[in-house]
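To start, the structure under review is shown below, and the notes come after it.
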Amino acid sequence: MSKKRVHEIAKELKGHGIELDNKEVVTELAGLGYDVKSHSSSLDDDQATAAVQKILDKRKPKQAAAPVTAKGFVVRRKVGPPTGSGVYDASQEPSQAASDVSSPPSEPVHEASGAEAAASERVPEAAAVQEPVAEAPRAAASEPAAEAPKATAPVAPEPTVEAPKAAAPVAPEPTVEAPKTEAPVAAAPIAEAPTPPARTEVPVTSGRRAASCRGAAPLPCSGKDPLALNSSPQSSAAFCPDARNPGDCDFPSTSGRWHAWPSRGSSGRFAHGAGRPSGWTFARWTSGRPRAASRRTAVQRPSGRAGAGASHGLQRRKGFGAGAQASGQPQNVTMVGGIPHAPTAPDARALRPTATQAVVISRPLIQVRRVTPTTSSAKQYPMAPGKKAIGEVREFKVVPDHAGRGRELVDVSKNKDKSPRKRGGPNDTSISKQELTDLAWGRVNIPLRGKKKKPTKKGAKTQITQMAEDKKVIKLQEGISVSDLGQRMGVRTSDIIKKLMGLGKMATANQMVDADTVELIASDYGWKVDRVGFEVEDYLPEVVARPEDARTRPPVVTVMGHVDHGKTSLLDAIRAANVASGEAGGITQHIGAYSVTTARGDITFLDTPGHEAFTSMRARGANVTDIVILVVAADDGVMPQTIEAIKHAKAAEVPIVVALNKMDVPGANPDRVKKDLANHELVPEEWGGETIMVPVSAKQKMGIDLLLENVVLQAEVLELTSNPSRPAVGAIIEGELDRGRGPVATVLVQEGTLRVGDAVVTGTDYGRVRAMNNSRGESVKEVLPGYCAEVIGLSGVPSAGDTINVVADEKAAKQIAEHRGMKERQSELSKVSRETLDQLFAKTKAGGGPKELRVVIKADVQGSAEAVKQAVQKLTTHKVKVEVIDTGVGAITESDVMRAAASKGVVLGFNVKPESGAESAAKAEGVMLRSFSIIYELIDGVRSSMEELLEPIRTERKLGRAEVRNTFNVPKLGTIAGAAVLDGVIKRGAFVRLMRENKQLFAGKMASLRRFKDDVKEVAQGFECGIGIENFNDLKAGDIIEAYEIEETRQSLT
């Protein structure tokens, strides 16, 4: 069963005339005993109907007034008299006319109905007051010149809105006979009735002047005359005595019919030359809903019929025309606008309209203007019915304007080929769009209701202008993406990518482009590039070089050579120290800086590692040094790292001093070494060259003084000077993370003096110098040019090879470091890794690409971490790729383990050990931790891990064959084959293959091997045994059992 909510019941009550809001309806329903709490509560239909009826009985709503069917304005038209009728002369027999018009019926056929009686009771008494009729009616009866006016409506066009004829059943009408002249009309109540108020000027709604009727002789009316129903001051309109004809008067229209009756004291005469009686009152034209069919308006047809329709209407409503028609008076009197007119001769003045008729038309929602089609357009639409009558069918769509107030009609019709009609274009045979709009809608503009739209000025047309040349400037910092560059210049991104392709650069829309490339592209479009980026030089102190400030500084000497050629041992001999004995594996894996005092002055030595993995270290040492000592073993000769050191020294353009070490070894051959060095453009002085070669022995400390003397001599030739008074500038030789001291940087000061408390910046790290230690471990307050020290106080471990600068304050240092970090991030984001054809081929061949070994590298110093990273990346092959996830300095921490676990990688430590928390985390996450102290072992361990990722190669090796002679069924074991070994050997647990009639029947694993109820490991050729096979019992005599085993071998990385 459906339900109704409380708010729906409230709407239903509102339709019955009871205005209650939702809360009041809830209160009413609760008082009636219904369980409702809010407007959303619901009741069943039968309960809701009963509740509505109870509330209606309780409230007893007033009967709603009948709705008005036609709310409109009045359009009045002037209508002339009927054809053939003249101007009625009121002077001709006025008494007779008055008597005929106002004679009451004397012998009605039946009494008036109750409805009529009730209606007459509601009429004000003033409307029924009449004067006693004297001799005027009898005299009027004898006048032959005047006829009783016909009971017809005024001759005028039919009103556009008529009262419905079938609105109510027709009540019986009284039949009125002609009045008897000898029967005077006299009634006692009439004489006692009070005199109605004098009718004064009433304003006319049409705006015309108001008028009042002149006093005249009274026109007697019947006491039951329904014409008096509308004689109250509220329903009467105005008196118009001053108008020349009836058409000059305007009457407001509120009801729906014209009613006329003689006013009190009027004589009923029609003045000659006037268009209306002077003593008549005209009521309004009523357009309300008829209460009965008897209230239909009588209309005078143009045909001149004094039809029953006209007379019948007047008889029912007014009782006016019936008496006149039944009196036997002449029928040539014409009623015009409810006024009797006598036929007279035609007059020129009579051609003017003599009556006014109100036509009620429906009020449209908006005012419209009917547009008459032009002659050319009207010809295209014939009036004949049919499909061809309207010509081509067009569809129009109403489209609102941007403000949502106006409307526009858009032609959306289609041609015969179902395609949209083209907009625009000349067409001689078709009419304009505006004419079609007017014809289709009959209106030009459809404004919305409400506030009037203010007239707007028509905007100027958009003009395309060119940007001034001085404004075509792109302010650029470091780089810009391709899409941003196109947006700034107003060029499509695809066009810029084409330009980049023309320059040989493949870039995407989000890829960063450097400033130089931007200048090339912008110049093609007429733009200029203004570099307004962050400049580090603006934050660095300006230094004016003055010769008088220069001071001599000690030379910086780098010892380079192949591994195990005695570089560190030579430095130990120079420093009188024993560093080599403490190195792991007897090799140097760090770059060391030492300051040595000799008889000829101070010398700063840099010890570089000789292993191939430390190429970058050697390169950095060559770049910051003044002189290179190339150590070559006399018994070993020139080796690969020796050649590499020569290249680094030549690239740095520094002089080379060759030390022929190990001269005390029996197999030393210095001449062969000199010959090999001459092949690399290092010709000794005794051979006519410029290279100094000194034979030395580090263990025997032979030739050390001669070597130092040549180094100092070379430094004097170079004339090494610097300005110690300027802000310090140096180079980072090495960086490490000390557990107690934090980030530590080994700094070689090149210019100025570095002091404790200076704000420094290096790379992306910055800080303030808190402490410094020299090469001997002593704390110092300042470091002069040409010396090195360990600096503590940086924000992070610096990268080896970076430049360190002293700035004004720590804020400036931070800004420089952040700017450099941003540039690095942009550079990383702009990198696009593209696969080569070989890589794609290898990925396809390997079925999805090569395997990947992900590693996290931790080392004791920054240089070693970088060297390990480069060495590991060089191990990448087409089968296994090594990807370094992260590189750091310091002990292995728990975060390193979690990072490796997230990427399913391993952690490699070089000269560091894991913390206790890192070991437990590695066991929990299943991450492998591997620590190394020698670079050789680390590389071998990484290579082994790479091979483990590859699938092993499985090969099959035959063991022997056995023939089934008999079968036995053993409980819990199944079928056992009694077999004899034909060749080879049968081993327990081997894989077996069962052959029957030279076809493989089954392949599986051997379950058991016995000989005389004893389990044996193997059975040799010529012996018998019992063989059981897993999950197979279908054994028959004559079957062959082949035993074999599978060997796995590790794949090679190449």
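Just so you know, glycine gets a Cβ as well, placed from its N, Cα and C.
Now, the feature entries from Swiss-Prot:
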- 57-213: region 'Disordered' (REGION)
- 92-104: compositional bias 'Polar residues' (COMPBIAS)
- 111-213: compositional bias 'Low complexity' (COMPBIAS)
- 225-248: region 'Disordered' (REGION)
- 287-315: region 'Disordered' (REGION)
- 401-436: region 'Disordered' (REGION)
- 401-418: compositional bias 'Basic and acidic residues' (COMPBIAS)
- 552-721: domain 'tr-type G' (DOMAIN)
- 561-568: region 'G1' (REGION)
- 561-568, 607-611, 661-664: GTP binding site (BINDING)
- 586-590: region 'G2' (REGION)
- 607-610: region 'G3' (REGION)
- 661-664: region 'G4' (REGION)
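Sequence features, as recorded in Swiss-Prot, placed on the structure.
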residue : record           : Cβ neighbours (10 Å)
Gly561  : GTP binding site : 27
Asp564  : GTP binding site : 17
Lys567  : GTP binding site : 29
Thr608  : GTP binding site : 30
Met663  : GTP binding site : 19
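Taken residue by residue with DSSP, Gly561 (GTP binding site) is part of a strand. The region 'G4' (661-664): residue composition by secondary structure is 0 helix, 1 strand, 3 coil, according to DSSP. Taken residue by residue with DSSP, Thr608 (GTP binding site) is part of neither helix nor strand, so it is coil.
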